[in-house]
Amino acid sequence: MQSLEIVAIVELVVAAIIAIVVWTIVFIEYRKILRQRKIDRLIDRIREREEDNGNESEGDQEELSALVEMGHHAPWNVDDL
């Protein structure tokens, strides 16, 4: 019975480690999705303001460039040359 208890404890520890790893990956991907949504909203605002008046979107462009410079790469930046 003692070996069965040890195996059960080991299985619980392994299951807990796997759960932590999986939820960490889910959290990281969720943050990526939120950042991408923020970038998409900024792009939409820039496009809308360009249609109205080209000079009003400078603040949004600065915010977008700050996001991209922080490592949040936008999908339209392709450096495969």
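Glycine is treated like the rest: Cβ placed from N, Cα and C.
If you check Swiss-Prot, you get these features:
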{"type": "COMPBIAS", "residues": "53-63", "note": "compositional bias 'Acidic residues'"}
{"type": "MOD_RES", "residues": "Ser57", "note": "phosphoserine"}
{"type": "REGION", "residues": "50-81", "note": "region 'Disordered'"}
{"type": "TOPO_DOM", "residues": "1-7", "note": "topological domain 'Extracellular'"}
{"type": "TOPO_DOM", "residues": "29-81", "note": "topological domain 'Cytoplasmic'"}
{"type": "TRANSMEM", "residues": "8-28", "note": "transmembrane segment"}
The topological domain 'Extracellular' (1-7): DSSP-derived helix, strand, coil residue counts: 6 helix, 0 strand, 1 coil
Average model confidence [pLDDT] within the topological domain 'Extracellular' (1-7): 89
